[in-house]
């Protein structure tokens, strides 16, 4: 694998003037403004017989501005400035690339490199709009320093409002970012930013890879949003989709030049069976140019601080993970079923990002557990910084769905939370957007279900269902946060147990926005119990910020007691003790401490208590109590404390 990567990198150095120049192609492809007022246009359309540019600037004459055919399927066009010295293609004018296909048909296409596309309300397809404002947004704040502990708030701009509408970048900037900061998250991961024609695809059916979604506002609005986040010390990651592309051809990449092989594999190999989308040909030189340039554009133009790569499992294997289970056997990761070209692209992408912008962060969404995916490229690894611990949310769902409380297996929970390769960093999460979508249920909804509609008011009795749901919601999140990885992720709204599910407007729900929103207002109503969960999530993050357990070595688990339903472990100098027993509390319970000393007696105090009143608990612990270490052996360690 490293040899394949090295040879590709060497070819780029020898034939393209280096990775820096190769990945800067977003400044020459598409339609770009020259300083002297002229416009330079460039496309890759190897299957085209002829290429033209048309639009408002030439009264939609399809043949007045032909491109010149160059080597390797490239086409170029230069339009000189007007007599007044101004650009012949004004800012805001609509454009189309006209392709004469091999069968003579004229195809009106949006450039794959288009920076801004919009859809009028009375139209189905998007239009390409030339974005070249007289004064672009100027970033005022530097990017935050690379974080040791990532506390990620996974977000979707369009649903980030209690109102039933598509919310805006401006709304997120001034109403949501302060909330994220207050909750103690230091990183926001933005979904559905790359333009996608179908809103209900959650942003995963991308049509224009270089365009920020216009349904939320302008490119400058997004730049301002990122700039304000940086001013708050918040790192901003983009959920990037390079695993597949929408099948749209009128306003997407599909059949751009009239063939099914432009950017993608031809035939069945180029279509994902489950997603009904097109699959990139990662061995193609121009596909590599397109995708690497795409990453660089988001970093340098918008100032994103890194990426969460979606669908990595689909990229890594020719079977795309369809109908395939992964047991951890190494034969599953090495063989002809692995798409080495796709893996090489990921290595190139991570190498480029680290080479040009070493402060950037990359995350892999991989369910297979590919070894060394999060080790440096120089070691033959994939080069990612983190991978998502995707087994953890599945485990919590399985436990809640299938087991009675008294049947919970402490050893199995600990195994799932700690089962990760040494020195490969994992992002732990109890639930993400996947669990919030229609057809699934969030943890809060699984735990409390219909009673969330009637018994979340403090004026109503605290029923056993609500009591159990609130307490387990806090405990599950804290043990996942503290034991499950080297970073933590939460999907917006789930921190306070957002009721119901997430569903975008579509024909099946009469185009309703009722479930395509986040009811942040629920946490501000002091008569509702949602505020307890919100407060616990905030204080949990603030405690991690203070002690940094995510950046600390893996925890030392001292107890997983099946009959007592107790889990205890130490990390970052803190002792975490969880009692998952449905009805049994304990007095004078002995717990191991890692530190051992014949001279020093260690004193401990409670820092975070899920049973505290401010978190909707029952106040059964006295926070003024001090706990002292004893030279009393327990669980094969010399020292312990009684709690």
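The backbone N, Cα and C atoms fix where each Cβ goes, glycine too.
Here is what TrEMBL records for this protein:
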{"type": "ACT_SITE", "residues": "310", "note": "active site, nucleophile"}
{"type": "ACT_SITE", "residues": "365", "note": "active site, proton donor"}
{"type": "DOMAIN", "residues": "163-537", "note": "domain 'Glycosyl hydrolase family 13 catalytic'"}
Separation of alpha carbons, residue 310 (active site, nucleophile) and the residue listed as 'active site, proton donor' (Å): 5
Long-range Cβ environment of the residue listed as 'active site, nucleophile', under 8 Å and at least 6 residues apart: 204, 239, 240, 241, 242, 243, 365
C-beta crowding around the residue listed as 'active site, proton donor', within 10 angstroms: 20
